[in-house]
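Enquirer: If you look up TrEMBL, you'll see 131, 158, 181, 231 marked as S-adenosyl-L-methionine binding site. The feature compositional bias 'Acidic residues' is assigned by TrEMBL to 472-482. Among the features that TrEMBL reports, region 'Disordered' is placed at 465-498.
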């Protein structure tokens, strides 16, 4: 029917017929007559949300250790009711339900911190990893900028119904808190949570006036607090607080969780920027009572406005980023006290991880089968040869994953060590051709001469030292298996007994940033063959050490020995 109508509409004039042979013109006519449905535009590809758990505070108990839903389901009946088990055996929850975050936070506080917290329905359910990030950053400020580790007094301005920051601060940091709340219902729930955890001696709760920010309502004349914490309402009106409508209009991914909470907890006049500005004005009036003021912000533009405001007034401040799950928050701290050094506080910054370093393995590796398991075994041998610690994560048919840790650089000087071994082997080959009688005579002469020359005094070796550059010292430090003449006093007894000096044992520190190497090494099977991937666990760490490890593995896996290369050349 469409073709007949189209043929019947063909004009007789030559110029008009020429137009009809223009495909674009024909399509326009057919679209106008509704004879052909228009081509549907593909839906807009929304940006993927990045998981930020790798950028948590390093002292956070959930850093590289996400909550175990299976354990929580076995431990708490209320968590079992909201969880489901998939075909793969994994336990999952539906975060779009308002009760999910409330039950999850309650179970985590009880399981990991032994805190019995009641979070009422309709009030804001705090995310435990996020609040812990904020609290640990404040602990860094107190210890580094204030130089104080005990007897810390803190204020939580707007503690909420859960009173989560004071409860965590007492349990985690052993601080004393003054919790301030304006909403009467939230005040009563917070009081109940303090009492049910028997922390009345450590947390004092004060009710203030609603709609006003006045520090003199909770400050006494002789009060001095080390730090103030506050998590202001993010939004200035109800449209901003509706995350689903706002995401649809802005073309952003829809939130995967439903944010429950009262209007007082989510909305304030002028938004969080105006709220923090009011906090700043009060901190200026009461700077003798509060040494450091902090705030956790939900909008980066508000952080930029506040930092510019503080810069223009020459107020010292510091900022940070709180990364957890797929949500980011920003921390701001300022002080009017000259004895506070906020510049000493480390600034945690989210860094986008770089892609892994990849190289292909040759089809023929001397002495190694071309399989994932065999290559993984060879990798372990190569790492053990240079005293690099590794922890197997997964070892399968198509994938092998090793967590590699090295406290110091033992990869440097490999070429010199290889040449030294070759020289030793060549000398042994020459010596093996000398008659045995001559060897016995030479050994006697050397023994007599060495007995006369060896003197077990430290000063003898100190005089034989020469001035070395820092580069030479670094090279010698990396060559532990080579003898270092004159570098330290010799133990003559151990040498006379034929025993080598004991090697130093490796001590691995808890602080991952102190390691020379802290990376993941993976062997994968692809369509083209086997590949090796190397990637730093901390994206802030430079890739120099990773490049050294890659070159070491290439030299031992991808290069052929001289004898094999010569044999292959002769065969060809």
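Keep in mind that glycine also has a Cβ here, set from the backbone N, Cα and C atoms.
In TrEMBL, annotation is done automatically, which means it is predicted and not curated.
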Enquirer: Helix, strand or coil by DSSP: which one applies to residue 158 (S-adenosyl-L-methionine binding site)?
Expert: coil
Enquirer: For residue 131 (S-adenosyl-L-methionine binding site), what is the secondary structure state per DSSP, taken as helix, strand or coil?
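Expert: Helix, per DSSP.
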Enquirer: Going along the chain, which residues six or more apart from residue 181 (S-adenosyl-L-methionine binding site) have their CB under 8 A from its CB?
Expert: 158, 159, 160, 187, 190, 205, 206, 207, 208
Enquirer: Taking only same-chain residues 6+ apart in sequence, whose CB is under 8 Å from that of residue 131 (S-adenosyl-L-methionine binding site), what do you get?
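Expert: Non-local contacts for residue 131 (S-adenosyl-L-methionine binding site): 164, 165, 168.
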Enquirer: What is the maximum Cα to Cα distance, in Å and rounded to a whole number, among the residues 131, 158, 181, 231 annotated as binding S-adenosyl-L-methionine?
Expert: 17
Enquirer: So how many other Cβ atoms are close to residue 158 (S-adenosyl-L-methionine binding site), meaning within 10 Å of its Cβ?
Expert: 23
Enquirer: Counting only residues 6+ apart in the same chain, whose Cβ is under 8 Å from the Cβ of residue 231 (S-adenosyl-L-methionine binding site)?
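Expert: Within the chain, residue 231 (S-adenosyl-L-methionine binding site) has Cβ neighbours under 8 Å at 134, 158, 160, 165, 295, 296.
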Enquirer: List, in sequence order, the residues of the same chain other than 131, 158, 181, 231 whose Cβ lies within 8 Å of the centroid of the Cβ atoms of the recorded S-adenosyl-L-methionine site.
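Expert: Same chain, not in 131, 158, 181, 231, Cβ within 8 Å: 156, 157, 159, 160, 164, 165, 229, 230.
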Enquirer: Per DSSP, to which secondary structure element type does residue 231 (S-adenosyl-L-methionine binding site) belong, with helix, strand and coil as the options?
Expert: coil
Enquirer: Through the lens of DSSP with three states only, how would you label residue 181 (S-adenosyl-L-methionine binding site)?
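Expert: The three-state answer is strand.
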